[in-house]
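Everything below concerns the one structure shown next.
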């Protein structure tokens, strides 16, 4: 199941982010070339600003749709489960491929925006539920999250592979033929999601030392739940009561999981406790309360800024170095290197990222990200070929590192019980802000006459400030949580009557009470 999830993400989750490799094909196919007032010399790599802005808008809509739809995917994941999400993702992907193929076939390029929107939507509905497999092996959750995020980056190579095939085939493999053939991918994934992936979600299992939470053993809880979900149980209780029961059982699992986390944090060795600093900080709270905490607000602001920077760089890398180096040939070379390095960086950096997530403190991971983003911001302002290549290398490593760290942050701080809504909200709010990318692009080509340095410098300074605040908060809050660890036994005693009352009063199940 883990392998299939990674394969699915590699094929479908983030293909719209491979725009840098698709853009030369769109230019070659004269997409939106009618916006140009006169014929441009494509042999020198130049095309008119109007066409460039329109193509960048094509990417902006796709990337923004992928981000905004995360909140919808997260809500559906929490309420309907991963299988429903995955099916929706496959349907959207197939529809998007069909619209793209028809748009190219009839040269109705305005419909490309619709097709790209559904490709992004489908990718999100495949990607967001993928993090549930991290709970299949909790001791390796960081590595699994890194693998899933790495697969997301690998999916950007789909358009790179197509670009190579387009060139080697003498342009025989037109966009129409490519998207028509690619429709087979979501169909095959749909079959795999139904056959390979589990029907029920991964979740916390109450361990044996939690049997004192209720008078009867945890096996009775599971057996009562199982009986109520059988066809006979449905006839006896009715579908509405069964639905309520399943929801309350998930709540019980979250409570047990929260207590299990606290118990583990107390019993682990000091080094392990330090590694998990900040873990479980908000688990057990409602999503609404989690959204109002600095843990959520700061990571959302940081993610918003980083998404703007990343998408701006992906969409304008060739234009940036065309200006900085005053050489279209060198800019094209850096762009080509970036097309290959983006998916390759996701693959090669995955083991290192997984190790870092499993072994470093949360604040150290965030500090490393701030260091990388600041370094990239400085190098991206230097008009030198070497600085350009180093910027690309750091960028392709930072991108999977940031997405992995942010996802790992969400699962460890907020918990799996509200992961879909929290993660979806973070990505959605960030996606809304990425609409400003089109404005930044227009500002660069307008007021700054193609000079990207002012934009890059401002984004680097703001990123350093927000990152420093986030690292400082996590460091202080993490120490506070660690110092309060010894007082958790009283908190457990306080929870015991509440849990028992919830079982007896709200569920009304005789299986949870001791007849003696």
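The backbone N, Cα and C atoms fix where each Cβ goes, and this holds for glycine too.
Not measured: the values here are computed from a predicted model.
According to TrEMBL, the protein carries these features:
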type: COMPBIAS; residues: 267-277; note: compositional bias 'Polar residues'
type: REGION; residues: 258-280; note: region 'Disordered'
type: TRANSMEM; residues: 57-77; note: transmembrane segment
type: TRANSMEM; residues: 84-107; note: transmembrane segment
type: TRANSMEM; residues: 113-137; note: transmembrane segment
type: TRANSMEM; residues: 144-164; note: transmembrane segment
type: TRANSMEM; residues: 176-196; note: transmembrane segment
type: TRANSMEM; residues: 295-314; note: transmembrane segment
type: TRANSMEM; residues: 334-357; note: transmembrane segment
type: TRANSMEM; residues: 386-402; note: transmembrane segment
type: TRANSMEM; residues: 414-435; note: transmembrane segment
type: TRANSMEM; residues: 455-477; note: transmembrane segment
CB contact flag for the transmembrane segment (113-137) and the transmembrane segment (414-435), at least three pairs under 8 A: yes
The transmembrane segment (386-402) touching the transmembrane segment (144-164) per 3+ Cβ pairs under 8 Å rule: yes
For the transmembrane segment (295-314), distant same-chain residues with Cβ under 8 A (at least six beyond the ends): 17, 19-20, 59-60, 63, 67, 281-282, 320, 373, 377, 380, 395, 399, 402, 406, 409-410, 413-414, 422, 425-427, 429-431, 433-434, 436-437, 440-441, 455, 459, 462-463, 466-467, 469-470, 473-474, 477
Contacting positions for the transmembrane segment (455-477) when only residues 6+ beyond its ends and CB under 8 Å are counted: 278, 281, 294-295, 298-299, 301-302, 305-306, 308-309, 312, 320, 362-363, 366-367, 369-370, 373-374, 376-378, 380-381, 440, 443-444, 448
